[in-house]
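Per TrEMBL, domain 'RNase III' is recorded for A:14-142. The Mg(2+) binding site annotation in TrEMBL covers A:Glu56, A:Asp128, A:Glu131. The annotation active site is assigned in TrEMBL to A:Asp60, A:Glu131. Under the heading domain 'DRBM', TrEMBL lists A:172-239.
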Number of protein chains: 2
Amino acid sequence: MSESELIPPRRRALEHLLSRLGFKDAALLAQLRWDLLDQALIHPSLDSQRNNDRLELLGDSVLRILATEFLFESYPDLSVGELTAIRSDLISDAHLAELADLHGLERYLELGSSSQKDLAGRDRRLADAFEALLGSFYLSWGIHTLPNLHPWLDPYLRRRVEEWFQDPTRRNPKAALQELTQRLWGELPEYRLVAAEEHPPHFTVEVWGNGRCWGRGEGRSKKAAEMAAAAVAYGQLHSEEA
Amino acid sequence: MSESELIPPRRRALEHLLSRLGFKDAALLAQLRWDLLDQALIHPSLDSQRNNDRLELLGDSVLRILATEFLFESYPDLSVGELTAIRSDLISDAHLAELADLHGLERYLELGSSSQKDLAGRDRRLADAFEALLGSFYLSWGIHTLPNLHPWLDPYLRRRVEEWFQDPTRRNPKAALQELTQRLWGELPEYRLVAAEEHPPHFTVEVWGNGRCWGRGEGRSKKAAEMAAAAVAYGQLHSEEA
């Protein structure tokens, strides 16, 4: 979606948001990717394709470096334990939702009807939107923090990504584990949910086979926890078998 | 410690490392903070004061933004699930230890005698040193990725940090919980270790009082897991009491 396609009421609403946030410099606003700002404020419950999930992933890294820079520059005497604890607090959903509320972000966030009723998920939604907002700012205004490091580091990262794509256990640990347990014992792995918390969502799953537990995994969804457990179990089984 | 204090053999060793890494540009090397590069390669087991733990904390954020930039720019079509999984892999201890080994980092890393025998901790040590190396590069060569965002975001971050310092449950959740349970029930909270893995270290602790479990926490050390559990329990008890 190009910038010109933003419908005028949405564009005006976003201009209003930027002004509330305090960004009034004309040169800065001219560089802003309004289409990405719009996308940062679309929750996945409204649109499974064009939404803020990727911008949130980017914004999470952006926020972390911004918070770390701030702590190193403003509080040079903190211990590493304090730095760790404070940074966790700064980047927590609770804090980000507070910042989102401070700027009235909720009224600009477009939700599907299912999420509108999910009051318990509100903090997470606002925190995600705040991170996505930072992601859209990064793509509009950001520069590489270490431009001379990319030519050095990127080839190593690229090699690892290519390996990842070629490794079935990384791409799909559940499928790889299933194939292995069927070959070894003629049975499917069994996933047992051992803990589930709703707010914030946190699931712990064990995977069992041949009478014992081979791995445990955690994640924000049951599926993510199963994937993590399967990856552990695959590694365990593979090394015992070798 | 200023640059001039680096003893000549160490300085020569670090110059050799930089050359192995491929950094040969004279202008870049002239900007390098050799004292910080030295510190990045001192494990906490050698020196509890001057070591790489803070640089590692910084480098962790630096690596995350570098890896995220790389993935967004080189693989624009990945799904958010793939991006998440691949980024976790890129920043994993296993991968960083591999990169450290590729450049022979171990011979430059100064260890205490206890760690020299700890072979199982080798990957973690090398991964930490690699992150600390990136932290020292950031302090030598890095620039703010979003310079215009700091004046906006920093005051909010500062307010939260000041709140953190004034809140005893954040600074010391175990002490705050103990005070609360003693007041409510005249007893100390009981910490139960429910899971412990050594490699990599991962501990799960529950905290009990008045006949039930009030919180569960996880961490890289037993103490960190207890702190996390105490923070959960304090919040739980505090809200039930209110």
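Cβ atoms here come from the backbone N, Cα and C positions, even for glycine.
Same-chain residues that are not part of A:Glu56, A:Asp128, A:Glu131 yet have a Cβ within 8 Å of the Cβ center of the Mg(2+) site turn out to be A:Asn52, A:Asp53, A:Leu55, A:Leu57, A:Gly59, A:Asp60, A:Ala127, A:Ala129, A:Phe130, A:Ala132, A:Gly135. Recorded residues A:Glu131 (Mg(2+) binding site) and A:Asp60 (active site) have their alpha carbons 6 Å apart, per Cα-Cα distance. Distance from the CA of A:Asp60 (active site) to the CA of A:Asp128 (Mg(2+) binding site) is 9 Å. Shown in sequence order, A:Ala40, A:Asp128, A:Ala129, A:Glu131, A:Ala132, A:Gly135 are the residues of the chain, 6+ apart in sequence, with a C-beta less than 8 angstroms from the C-beta of A:Glu56 (Mg(2+) binding site). For A:Asp60 (active site), the same-chain residues that are 6 or more apart in sequence and have a Cβ closer than 8 Å to its Cβ are A:Ile91, A:Glu131, A:Gly135. DSSP places the residues of the domain 'RNase III' (A:14-142) in helix, strand and coil in these numbers: 96 helix, 2 strand, 31 coil.
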